[in-house]
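Here is what TrEMBL records for this protein:
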- B:6-34: transmembrane segment (TRANSMEM)
- B:8-210: domain 'ABC transmembrane type-1' (DOMAIN)
- B:46-68: transmembrane segment (TRANSMEM)
- B:80-105: transmembrane segment (TRANSMEM)
- B:133-155: transmembrane segment (TRANSMEM)
- B:194-212: transmembrane segment (TRANSMEM)
Amino acid sequence: MFKAHFKKKLPTFELEVDISLSQGILALVGSSGAGKTTILQCLAGLQTPSWGEINIHDKIVFSSEYGKDVPIRNRHIGYLFQDYALFPHMTVEKNVVYGKPKKGSNPNKALTATNVLQMLKIEHLRNRYPKQISGGEKQRVALARALMTEPELLLLDEPLSALDQDTRSSLQQELLKLQAQWQIPFILVTHDVQEAEMLGDQIIKLDHGKQEVLKKLTIAQ
Amino acid sequence: MEFDFIPIILSLKVAFASVVIVTCSCIPIASFMAKHEFVGKDVVESLIALPLVLPPSVIGFMLLVFFGKNGPMGKLLEQWFQIKVVFTLAGAVIAAAVVSFPLMYQAVKAAIESIDQNLEQAARTLGAREYRVFFTITLPLAWNGIMAGFVLAFARSLGEFGATLMIAGNIPGKTQTMPLAIYFDNDAGDLRQASILVILMTVFSFLVIYGVNRWRRGLRRDSRGDGI
């Protein structure tokens, strides 16, 4: 279960967020500069909210009231950057295992790089460098890298925006499958309302820091 | 008259010792300055860059005041470590380090600033602590800039003349490095010895500049990548 209620002062407006999610995909839509990425960064700990509280799995990771701000590395959140942020000096395999916990939190998953690479159909790329692979492949590598950390929540910042239409459609399907398979909440930022409708179990539209619920959660909580 | 190799050996010793000191001090300082904003940062950066524009005699004078027998550092080094700086090779190393520090600093800081911050943030989201981010992401990605700074600092250390003369003096076989030997050989009319040293220094300096330029061009080509 993930729950966040916080405010963040931005140069031109104040962002106000009140979201919760136990399962499925929450899609955040809005035009550029609406504060979508800021929300993800506050959740991940890359930015600090001005006020509020963030709970992940009933653990408070940020609270202005109690002066708590858990470091990024201890939040157990997977983050997929818009430009994928793959380490250019490491092979695909080294990228993927970078965040692998020393002891897996869930021994039943027995997560290995090979499992994840196979699941995302990128095993053949394991010895390549990021500059030697295509945009869609980079996206899969970034997903594999984020999943290797066994996150409790996955944040995706416009993960499909740089891809062509065909790759985009196939990856949309893969994201849906992956979420069903992985059983952790995903929060997806996109400026494409159609994409949000296709992927989101909940859809929230952002406009100058204010949120409007476009679609409520209908799956069983 | 036989050719005297000792100035070459002394110069190499001074340059190596200087770049080791400069590299070890520069990487943490440049990393801190590249990542942090604070009141007075411009003043600190101007002080760091000062040796680039100050006349060598001014730097030499300051070093004499600071490291001289009655200077604050001079006293401290002599009392605690029995190290004398004035008229020793240690003085030449300090002079070389002071003048080459800004070159290394600028190269390292520019290299660190050019790293995409998302890469470091991505490492943090993957559970890396700050030291791991630094050693596995920042340092390898800044490595080419560090090496360029290393080579420039080495070349600058090798060529240091004015400040070295003031603090280390011109003691043949002890503190007489190549630039000093060229000046004093020429003064004494030993043009053969001076000419050989001049040729060596010119060729070396040319190779350094040529090598760094080629390397940078290669890096620019590599960074464009063979994207699909």
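Glycine is treated like the rest: Cβ placed from N, Cα and C.
At the 8 Å Cβ cutoff, the transmembrane segment (B:80-105) and the transmembrane segment (B:194-212) share fewer than 3 close pairs (sequence separation 6 or more) and do not count as touching. Sequence-distant contacts of the transmembrane segment (B:133-155) (same chain, at least 6 residues past either end, Cβ-Cβ under 8 Å): 15-16, 18-19, 22-23, 26-27, 31, 100-101, 103-108, 110-112, 114-115, 119-120, 123-124, 204-205, 208-209, 211-212, 215-216, 219. Counting only same-chain residues 6+ beyond the ends of the transmembrane segment (B:46-68), those with a CB under 8 A from a CB of the stretch are 29, 74, 77, 85-86, 91, 94-95, 98-99, 101-103, 105-106, 160-167.
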